[in-house]
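Q: The following block contains the structure, expressed as structure tokens.
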Amino acid sequence: MGTTNEAGGTNRTGETPESASATVEDGSASVTEEGSELERSIGLVGGLSIGIGTMIGAGIFVFPGLAAGRAGPAAAGSFAIGAVIALLVALPASELATAMPKSGGGYYYISRALGTLPGAVVGISIWLGLVFATAFYLVSFGNYAAALLSEGGVNLAGLPIVDALALVFGVALTALNLVGTENAAKLQNYVVGLLLTILVLFLSYGSLDVLGVFGTESTPEQFMPFGPMPMFTTAALVFTSYLGFAQVATVAGDIKNPGRNLPLAMVGSVLTVAVLYVATIFVATSAFGSGPLAGFGETAIVEVARAFFGDAGALAILLGGLLATVSSANASILSTSRAVFAVSKDALLPTVASRVNLQYGTPHVALSMAGGPVLVLIALGEVEVLAEVASFLHLIMYGLMCVALIVMRRDEPEWYDPDFRVPAHRLVAGVGALASFGLIAFMQRESQIVGVAIMLGAAGWYKYYAADVKLKGVL
Amino acid sequence: MSENEYMPDLTVEGEPLAIREPPKVLVPIEVLEGESISESLVEFLAPAEVVLLGYHVLPDQTSTEQASLQFEDRARSAIDEIATAFRELGGEVETRVAFTHDRDATVDRVAADAAATAVLLPNPVGDVEEVVVPIRGAIDGDRLADLVATLLVGRGGSVTLWGLDIDEFDTQAAVDRVRETLTGRGLAAERIRTEVTDVDSPVRAVVDRSGEFDVIVMGEGGPGLLSSLFGDPSERVAEGAVAPVLVVRDR
């Protein structure tokens, strides 16, 4: 560990890491060095709704068709594998988050435990990873909005309606975040609550139906029509649906009773969405068989709902899809801005990136650095590859978080005092790291190349801009 | 709430009590929005211990840490300026600065943390001459009397104890008890007026007459169905009234 307690060094323009390190005073506020109080106002429900809201967009409304096409009913197994890996990472992340309840999440832990270079690589690539994920959510939103329009009889065939809707909504969300003073967190809670209600009703009915409680029992098709291997490669694809629990950690600085609420929110949101995902695949593949399901593409779940409830069901699920993709995109834009703030606070990016606009009270530069590139990506297309690149970059961060836990436990700096300690941490974090890096091996070559290129670019930026900045071992 | 809590023991072995604990008033000011506090209110509150809370409310998309990095110094100097005004009048002042997403949570937390007797809900006011204490139901007479006596004993002006009669509560008795407690704290009897009115809605009654008074001192009002729907009675009064409201906190 470093010999000093202060973050040190300067970047190319002479800026130093800000050391306004807030120490937790009690569960409901922390205090800065100058003595100002920072209210912690997000409770357990708020934390869960950030986690669930970010994750649920992709797993249910985007992947069932895609995943069933690749792995058959074993896609349910792919989602279960994803959940186990997510949990193996969520536990170490929870311990690190309770020891360092700061904005920035994974970037913060990695830079403090492993040093500035890994920190910079993760911080910058997570910014881009979140941007890719947001673009992906918005395109999914476009798909649902277009489907809803055609359901309502509006015929726009031949127009690039999906991308147009995604763009329009991307602009609207960014603008809303830039000037909005409405209570976005409360709104997110309601959106997620409504969405969960729709899904639980739909999946309960669907499960009972395919199990033969009423209606006729469906004949299950072969569980692994394509063998076990596609189950693992598909797990790599659908892991995007779990890229959300760590977003809870990016707002850790605003979470009430972080020692209790952070672990509960992270683990709880993974478990909640995992159950819903597995149930969705089970119901969907039982109702249609994986072949036809794959044919429906990204709105497969809508056809499933139509099969059970007619057009009203289709409309309800379309509405759910809109809510889910919006909440995912919105939560991601918010975490992007927190991620940018955390990195620029440490002088790894120009500190102008963390400026707050006094009139609206919003971090306008960081929000633009989230929303701007998203719009460019949507306009360029190619978001499916980018979704996998987002997974790639997140998996790097997850793996390194596990390594960070092992390092932190080995060195145990004086200030390291987590409220939550992972039992058998070497085993959990070790397997978590191996699994995270292992999933990367199953990805498409193209995504791997783009991912590595981004990391190299981030490392190059660090060498050029902030090679002198020291963050390791500093709270 | 047991009867004793709002029917204070006025005497110890027959002797009137002096002011038992110096009252502390929490004054929350949205300091970066240019909110301030008028000179006459500073002068009125100066006899009490004052906790000045400069707060800034942020939208959810901004982390409090991020805003504090940038605005902490500005918030501090603004709140220190207001504190100076109190100190020049001999008042005892503690300053705090908070960044929050939730104003009410912050004010409640700081009030509890500082053990404040009352919280000021600011409204503009001229010179303070007339203080009204609406009494409707249970009220912590001791703390209220400590506060009102501390603020009024060393200056002019009078206080009106206004009983708002809602059924199932002996308002006249409550008003008389507060009156006795106040005189026990050293406030001259001729400066205390009392009246009792039948009302349907205490909040509306207070708001309607708020123009006749300069400062309203009232109890928190406790939780209830109406409170959870529309906010605390004291907050609703502060929204509608033209006078500042001092809310005596429940313990």
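Each residue, glycine too, has its Cβ placed from N, Cα and C.
Sharing the feature lines straight out of TrEMBL:
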type	residues	note
REGION	A:1-35	region 'Disordered'
COMPBIAS	A:1-22	compositional bias 'Polar residues'
TRANSMEM	A:42-63	transmembrane segment
TRANSMEM	A:75-93	transmembrane segment
TRANSMEM	A:114-139	transmembrane segment
TRANSMEM	A:159-179	transmembrane segment
TRANSMEM	A:191-211	transmembrane segment
TRANSMEM	A:231-252	transmembrane segment
TRANSMEM	A:264-288	transmembrane segment
TRANSMEM	A:308-329	transmembrane segment
TRANSMEM	A:365-383	transmembrane segment
TRANSMEM	A:389-407	transmembrane segment
TRANSMEM	A:427-443	transmembrane segment
TRANSMEM	A:449-466	transmembrane segment
Q: At least three Cβ pairs under 8 Å linking the transmembrane segment (A:365-383) and the transmembrane segment (A:427-443), pairs spaced 6 or more in sequence?
A: no
Q: Considering pairs 6 or more residues apart, do the transmembrane segment (A:231-252) and the transmembrane segment (A:449-466) have at least three CB pairs under 8 Å?
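A: Contact between the transmembrane segment (A:449-466) and the transmembrane segment (A:231-252): absent, because fewer than 3 Cβ pairs are under 8 Å.
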Q: Select the range from A:42-63, A:114-139, A:159-179 that forms the most Cβ-Cβ pairs under 8 Å with the transmembrane segment (A:264-288).
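A: Of the candidates A:42-63, A:114-139, A:159-179, A:42-63 scores highest.
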Q: What residues in the same chain, six or more past the boundaries of the transmembrane segment (A:159-179), come closer than 8 Å to it by Cβ-Cβ distance?
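A: Cβ under 8 Å, 6 or more out: 134-135, 138-139, 141-143, 145-146, 149, 326, 329-330, 333-334, 337, 357, 360, 362, 364, 367-368, 370-372, 374-375, 378-379, 381.
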Q: Look at every Cβ pair spanning the transmembrane segment (A:75-93) and the transmembrane segment (A:308-329), keep those 6 or more apart in sequence, and say whether at least 3 of them are under 8 Å.
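A: No, the transmembrane segment (A:75-93) and the transmembrane segment (A:308-329) are not in contact.
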Q: Sort out for me which stretch, of A:191-211, A:308-329, A:427-443, A:449-466, has the most Cβ pairs below 8 angstroms to the transmembrane segment (A:114-139).
A: A:449-466
Q: Check the transmembrane segment (A:191-211) against each of A:308-329, A:389-407, A:427-443, A:449-466 and return whichever range has the most CB pairs under 8 Å.
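A: Between the stretches A:308-329, A:389-407, A:427-443, A:449-466, A:308-329 has the largest tally.
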